[in-house]
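These notes are about the structure you will find just below.
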2 protein chains.
Amino acid sequence: MTTKDVGRTAKRGPYAKSEERRQTILDAAHAVFAARGYRGGSLQEVADRAGMSQTSLLHYFPSKRDLLMSVLERRDEITSGAFPDDMEEGLADSVIRTALHNEDIPGVIELYTVLCAESVTDEHPGRDYFTERYGRLRASYGRRFAELAAEGRLRPGVDPDQAATSLVALWDGLQTQWLLAPDQVDVAKGLRGYLNLVILPGTDPTG
Amino acid sequence: MTTKDVGRTAKRGPYAKSEERRQTILDAAHAVFAARGYRGGSLQEVADRAGMSQTSLLHYFPSKRDLLMSVLERRDEITSGAFPDDMEEGLADSVIRTALHNEDIPGVIELYTVLCAESVTDEHPGRDYFTERYGRLRASYGRRFAELAAEGRLRPGVDPDQAATSLVALWDGLQTQWLLAPDQVDVAKGLRGYLNLVILPGTDPTG
DNA sequence: GTCTATAATGGGATAGAC
DNA sequence: GTCTATCCCATTATAGAC
């Protein structure tokens, strides 16, 4: 959205076409890395998809590593709405909505699952990104669960921070199984099941 | 164990040394694939670790793909005891024990996490292995939860099959987070937390 | 900005001597 | 069984013409 607006408001600016080109490349790279991983995907394949030569691609992104980092940064924009801090929506509803939303965007879950696990390998450029991302997610959901606990809406004995870690872990694990057997695994149902166990029903409908 | 026994009982047989060599290679390949993934790891690096040339390695395993499949098969032996069908132990205790056991074997969790996610990429040789493995795990744990349900020890409203899927998903996801931040994530604790939510205490101490 | 050409490196796999 | 030598292919990245 931000990008398109730039394109509209600065259509004749010196960077308008260049920015459009960058977006095309990022789309292509997203698809390639999702389908083949970072190490398994090649700049040539990205260039083919983007309709340009491999060297032209390197004019916009000076290295494969840079390209990956830009893809990861843009992923956050695509899935924004995924984070629980954006509205007065209940935690459970927010999570389920985001899970269903992501299933509808081709390649988003593949990219995330593949690159995340690949990032734990030696010298992988995406490692810091995922480490920091998980830290943020645990802290963010931990706060939400703590709020629920303060309202007496967390099941007794459940630790907010552990619930946050487990929610994120469950989500990731369900997506992995879903990618391998989409007919046998229902991500949203699994998340709902967990959240129903942990969160007690409240009088406030927005809980 | 099987391998060592073969070595002992057939020490002077024609295949004893060859089998030993194969095990050395599999150890090396396990370490390399765990640290760099399948696509990121090279036969040369495996050969270096095993103390032989890359071509000698290919004498024992005709292709990189064959090597990977053998590593995956042997992984099941290394982690045997991981499956809940081997003794009269409670489901929860069995899971926790296996989780702690795996943490102590260097590279086992790395290998599993990295290769599993990598296997969802295009034309990855490990894909069928992980798809079938998940199918077996869901079925196996699904039966265990169903048994508990029949004893009235599953929390009302919890579906046994969904609990099985979720347990496996949670386990995987916790391991991924643990690999990226071992000081901030406790796999066994997270699993125990989930199992305590789902399984009700029983009079039988082995439940 | 885009391309061709190419450098520089590394990959998996094969042939064949010993 | 083990090695050297090599093939053939792919990769990322750079140089430089246009």
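The backbone N, Cα and C atoms fix where each Cβ goes, glycine too.
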Q: For the DNA-binding region entry in TrEMBL, name the matching range from A:42-61, A:82-101, A:142-161.
A: A:42-61
Q.
What residues elsewhere in the chain lie close to the DNA-binding region (A:42-61), defined as a C-beta under 8 angstroms and at least 6 residues from its ends?
A. 18, 21-22, 24-25, 27-29, 31-32, 36, 67, 70
Q) Which value does the mean pLDDT take for the DNA-binding region (A:42-61) in this predicted structure? A) 98
